[in-house]
Amino acid sequence: MKIIVGLGNPTEAYQNTLHNMGFLAVDALAEATGKPIKKAECSSLTATFSVNGETVVLAKPLTYMNLSGDAVKSLLAKYKGTPDDLVVLYDDIDLDRFRVRARAFGGPGTHNGMKSIVASVGSDRFKRVRIGIGKNQFDLKDYVLSRPSKEDAERFAVVFREIAAVLKDYLKHNDFELVMRTLNGKEC
């Protein structure tokens, strides 16, 4: 069982913002696997399929960022998963723009979506892939809800394709150490 969740905010108003990097990354994985994320369940949009006989769920919570944990908890319950089955993709202001960092577990940092997940599932022992958006002189809320320039959006698309390729291999080989070795510190 693997549940890969991309964090973001639903609705057109938030589409393609820096805070929706997780949605965009999981969309790239859905495209790479040919499994569109469109089924509504557990306060999320999902795609469910098998790789090597193992169930894989790709998900985009529809609860808004600060309540992401509610959707993740529902998904884990429905699919009888544990935090160890979970991989969360999300934006991170503490990483330079276009840098990626994967970790097998850890605290939520300053990210409210991650804080919600840790509180809801009662553990920080789940995998995550952080997508660097860097810091800016703007108000944090205004910054994370802004859209990248056309040039930056194109670079982020490369980042998402790289993450998707590595996670597609993870689905086949179940080796998160390889994900970390491949992605950590990488700037795309």
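Positions of Cβ are set from backbone N, Cα and C atoms, glycine also.
When the candidates N112, N136 are compared with the tRNA site entry in TrEMBL, which names Y14, Y64, N66, the shared residue is N112.
Under the three-state DSSP scheme, D91 (site 'Stabilizes the basic form of H active site to accept a proton') falls in the strand class. The recorded positions close to N9 (site 'Discriminates between blocked and unblocked aminoacyl-tRNA'), defined as a CA atom within 10 A of its CA, are H19, Y64 out of H19, Y64, D91, N112. According to DSSP, Y64 (tRNA binding site) is assigned to coil rather than to any helix or strand. The tRNA site is set by Y14, Y64, N66, N112; from the centre of their CB atoms, other residues of the chain with a CB within 8 Å are N9, H19, T63, M65, L67, S68, G113. Site extent for tRNA: the farthest pair of Cα atoms among Y14, Y64, N66, N112 sits 16 Å apart.
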